[in-house]
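Annotated NADP(+) binding site per TrEMBL: A:Gly10, A:Tyr11, A:Gly12, A:Thr13, A:Val14, A:Gly15, in sequence order. Marked as domain 'Aspartate/homoserine dehydrogenase NAD-binding' by TrEMBL: A:10-128. Marked as NADPH binding site by TrEMBL: A:Lys104. The domain 'Homoserine dehydrogenase catalytic' annotation in TrEMBL covers A:136-313. Per TrEMBL, L-homoserine binding site is recorded for A:Glu189. Taken from TrEMBL, the feature active site, proton donor applies to A:Lys204.
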There are 2 protein chains.
Amino acid sequence: MAKLRAAILGYGTVGQGIYRILQDKREELHRSLGLDIEVGAILVNDLEKPRPDTPGVLITDNFDDILAIPGLQVVFEAIVGEEPAYGYLCRAIDKGCHVITANKVMFSRYHIDLHERAKSKGVYIGYEATTAGGVPVIKTLKNLLQVNSVQRIQGILNGTSNYILTSMRTDNSAFDEALRDAQALGYAEADPYNDVSGMDAFHKLMILSALAFEEQPEREEVEVRGIDTITLEDVKRAEQEGLRYRHVAEIVRHPDGRLEASVGPQLVGPDHPLYAIEGVNNAVAVDTNYIGTLTLVGPGAGMYPTASVMVEDYAEIIGKRAGFMISI
Amino acid sequence: MAKLRAAILGYGTVGQGIYRILQDKREELHRSLGLDIEVGAILVNDLEKPRPDTPGVLITDNFDDILAIPGLQVVFEAIVGEEPAYGYLCRAIDKGCHVITANKVMFSRYHIDLHERAKSKGVYIGYEATTAGGVPVIKTLKNLLQVNSVQRIQGILNGTSNYILTSMRTDNSAFDEALRDAQALGYAEADPYNDVSGMDAFHKLMILSALAFEEQPEREEVEVRGIDTITLEDVKRAEQEGLRYRHVAEIVRHPDGRLEASVGPQLVGPDHPLYAIEGVNNAVAVDTNYIGTLTLVGPGAGMYPTASVMVEDYAEIIGKRAGFMISI
């Protein structure tokens, strides 16, 4: 039976989701793709930490062990932060592995660099999970860019911020209380700074910019504001006026070619397409020349939505018959 | 230069859109896909009818002339109704052509039959344009079905009905007046029966059912109601209560495997995801096991949105290097 070996880097919420989906869907993926996928190793930070059982899988805190497993061809990366994730992915690509990442902080900076490296090695990078969680905005953009050009992208790109704003309005929760709920539900990172400061949405907007416009605006020229200055009173006052706060990331290509981006809270009314986007949902609206405006809405975080699009990336790479070595 | 020859069947709004996009994007598609595409022939109903100039293209009312053009490999079909469209596509497939269709009435009935025929000939069928116009619901469903299973699909699938309902509410137009506007704007078919009776949405729902559930419910068991019984007074009364009429097509897979489908008007409030879907827009919400609910919104009709997704289908087929004969 033709078999592929994969490794998972990072075994938090998303890493565990990938493992579970690959186990649950192994038979089905084998049937539909004609290849069996086996998780050979998982990279963790702390070997002593208790974790769900993964029979037959090498658990290691040393990346050299990962690269040494025989027949490794796919690396799923679900680590937080630029390093060591970037260094690991470079080494995996250099070894001829396809990589599938959920790491927006790293990818928003090394997007172009990693793509060039992957191209030179004839491997693919899947990065659907970096932006808008379970919402397939990357695949949709890639597809429509084959025929359309994009003028503007506007979205709710941070599920935690949207969850907090929703919870403040519907449950009368104070900001801190709503944030703690979001963390307990696994939506917010352990360090919530990136979420509530707007930086997380900014990273995702930069990834969308690189894809849609093949360039990114100068980082220091983008105004980034978070939701951390919005009080329960602000939210309630807006509600009385029939309005809702939404945290919106936006980028426009002006007719002269200049890119203009901003990230911050906006007040919207019932006819605004982002008014009804509630809870941990993300939404991305793309203005194109032929199709007009296309909007995608779905869960922007969570174990299974994020892990699911990473396994879809894997299926897409297989669909390309991307130079896998097949051992029968 | 590697060149592909295509034919367009039907030269109404959508057929003309395909021709224009293929002309406008010819250089770009050649660069990105590595193949040049040339429209060799267009099939029309009435040779005498005035139409935009198409230099060097055979204009014919005889399908035999289409099949006889040398090197034909792709057929774009934008005819209305089951026949002669179905017969033409069968003959094109038997000749080894890939086919890309926008014909929902035909495709909702011959979905499975055409797929089997195409498979036996090693060619592809593109049908993104049959359902929800410029909204890429077919590609998105195909992609997420690789990992997810679908429990429910709910959508606004007829742009004309939504345009009429919107126009009644916002412009105080009577039903007939709003319908005439929709026809003048090219949204409604010349014969609006399919649109306003709910049959058009029903056909699209059956196409989604075949894709998501690999089967269709018995046609006579589906309750189909249109918007033709809704009066301006109904719309205004709903507005005073903060509600809006939406024409919703819905299909559910029950835990026992049974499919249940319905098509008809529903009253929705501001927190319903379909409340803010205005004008000629379509929306499709898909409930899945891993991702949760994913919603896509965009223009459900019009020359360029529909034609654009057909050219994207072409790009996708090329991406599969689908057994094209390449003449250098």
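Cβ coordinates are placed from backbone N, Cα and C, and glycine is handled just like the others.
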Checklist outcome for this item: Close in space but at least six residues away in sequence, with Cβ under 8 Å from that of A:Lys204 (active site, proton donor), the same-chain residues are A:Lys104, A:Ser108, A:Thr130, A:Thr131, A:Ala132, A:Leu157, A:Asn158, A:Ala249
Checklist entry - Out of A:Tyr11, A:Gly12, A:Gly15, which of these binding-site residues is nearest A:Glu189 (L-homoserine binding site) by C-alpha distance? => result A:Gly12
Checklist entry - Non-local Cβ contacts of A:Gly10 (NADP(+) binding site) (under 8 Å, 6 or more apart, same chain)? => result A:Leu43, A:Val44, A:Glu77, A:Ala78, A:Ile79, A:Val80
Checklist entry - Should A:Val14 (NADP(+) binding site) be counted as helix, strand, or coil on the basis of DSSP? => result helix
Checklist outcome for this item: Least Cβ-packed of the binding-site residues A:Gly12, A:Gly15 (other Cβ atoms within 10 Å) is A:Gly12
Next on the checklist: Using a Cβ cut-off under 8 Å and a sequence separation of 6 or more, which residues in the same chain sit near A:Val14 (NADP(+) binding site)?
Outcome noted: A:Ala78, A:Ala102, A:Ala129, A:Met303, A:Thr306, A:Ala307, A:Met310
Item to check | Average model confidence [pLDDT] within the domain 'Homoserine dehydrogenase catalytic' (A:136-313) | outcome: 94
Item to check | Secondary structure of the residue listed as 'active site, proton donor' (DSSP, helix/strand/coil) | outcome: helix
Checklist entry - Do any residues at least six apart in sequence from A:Tyr11 (NADP(+) binding site), in the same chain, have a Cβ closer than 8 Å to its Cβ, and if so which, in order? => result A:Tyr19, A:Ile42, A:Leu43, A:Val44, A:Arg51, A:Ile59, A:Ala78
Item to check | CB-centroid shell, 8 A cutoff, NADP(+) site A:Gly10, A:Tyr11, A:Gly12, A:Thr13, A:Val14, A:Gly15, site residues removed | outcome: A:Ile8, A:Gln16, A:Gly17, A:Ile18, A:Ala78, A:Ile79
Item to check | Cβ neighbour count within 10 Å of A:Lys104 (NADPH binding site) | outcome: 25
Checklist outcome for this item: Around the Cβ of A:Thr13 (NADP(+) binding site), other Cβ atoms within 10 Å, all chains included, total 18
